[in-house]
Each structure stands twice: as structure tokens, then as C-alpha cells.
Amino acid sequence: MPKLEAKKGLFQFYPHNLIWLGLSILAIIIDQWTKWIASTHLNYADPVPVLPFLNWTLLHNYGAAFSFLSDAGGWQHYLFTGLAGIVSIIFIFWLMRMPKNAMILPAAIALILGGALGNLIDRMTLGYVVDFIHIYYQNHHFPAFNIADSAITIGTILLLIDTFFLEKQRIQRAEVKHD
């Protein structure tokens, strides 16, 4: 079996980062599996109560998050597909270049990547994204979403935590090491 080795340069690759690609793949698998269950067991736009604040409601989202641009006439399909593809490629390169001791940032990138690819699969194969999780409180309804959207949201929160709280610590440690 060939041994995986780190490569230098633009395409440098660290084998320890395969675990983060595994997290992305896990997010995609769970997302696609739950969307398949929703699509095969739910009737379109017919809410199934789960908890007093949660319904399973199968919906088709032709736009972006929260149905943004869903009624824009079709061009948004190409825009969102292209953006998701480009961002995914960038995130794969970024993810594979993470240092061994990094945890929060690669987890964030892996979740965002998995969520983006999960929704991209829908958009490319179905022409829309399957949403089915519907949260509400009394008459206040949050737009339906899916596991991919949840992975993107959790990844974004982790990215913000890393950026605003952990980056300063990394800079301080680097300055101490340098002195």
C-alpha cells in the first residue's frame, strides 16, 4: 500500500487532514439520507407535527438559504450551483493545508463544505434543494431547512468563534515563539 506523504507548494497535502474530509463526507451522507427519507415519506407541504415547536414539512427550495431568490426566474440555479462549486474547491484546498494542531477551523470548514456539497447535489440532480425541518413558535415560523443547512450554520458559528476568539491566541503564541 503506498504511503501518503505531505507535498509542498500550492497543492501541499497533509494526510492527517483526511479526517476532516471524512467529516464532510459524513455530513453529506446524513444530509442526503434524511432528504431521501423526507422525500419518500412526507407529502409535499403537508406538516407532520413532531414536537410543539417542530414539524417535518417537505418543501422544495429553488433559491438559496431561507428561499432567497427562489422566485427569480431560474438564473439563480446557475449562480448558486457555480458559487457552491467554486467555494467547495477552495475549501477542499484550504482544508487539506491545515496544520496538525488545528481543530476548530478545519471542523468549521469541513461542516461548511459538507453542507454546501449536500445542497449542491440536490441542486444539480433535482433542480432544487429539499427542505423538511420546520421550526416555529406560536405564529412565528422559521423558514424550512435541512441537515446541510444545519452543517453550514454550525460550521459558520465555529468559524466565527475561531476568527474572533482563537485567532488572537494563535497570534500571541506565534509572537512569543518568535521572541
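Using N, Cα and C of the backbone, Cβ positions are placed for all residues, glycine too.
What Swiss-Prot records for 10-30 (among others) is transmembrane segment.
Sequence annotations record features per position, and here Swiss-Prot assigns transmembrane segment to 48-68 (among others) based on sequence analysis.
The transmembrane segment annotation in Swiss-Prot covers 75-95 (among others) and rests on sequence analysis.
Among the features that Swiss-Prot reports, transmembrane segment is placed at 101-121 (among others), with the record citing sequence analysis.
Here Swiss-Prot flags ASP131 (among others) as active site, drawing on sequence analysis. Cβ neighbour count for ASP131 (active site) (all protein chains, 10 Å cutoff from its Cβ): 23.
Marked as transmembrane segment by Swiss-Prot on the basis of sequence analysis: 141-161 (among others). Beyond the transmembrane segment (141-161), the same-chain residues lying 6 or more positions past its ends with a Cβ under 8 Å from any Cβ of the stretch are 27-28, 30-31, 34-35, 38, 57, 59, 61, 65-67, 104-105, 107-119, 122, 129-135.
Every protein chain considered, the tally of other Cβ atoms within 10 Å of the Cβ of ASP149 (active site) stands at 21. In three-state terms derived from DSSP, ASP149 (active site) belongs to a helical segment. Annotated active site per Swiss-Prot: ASP149 (among others), in sequence order.
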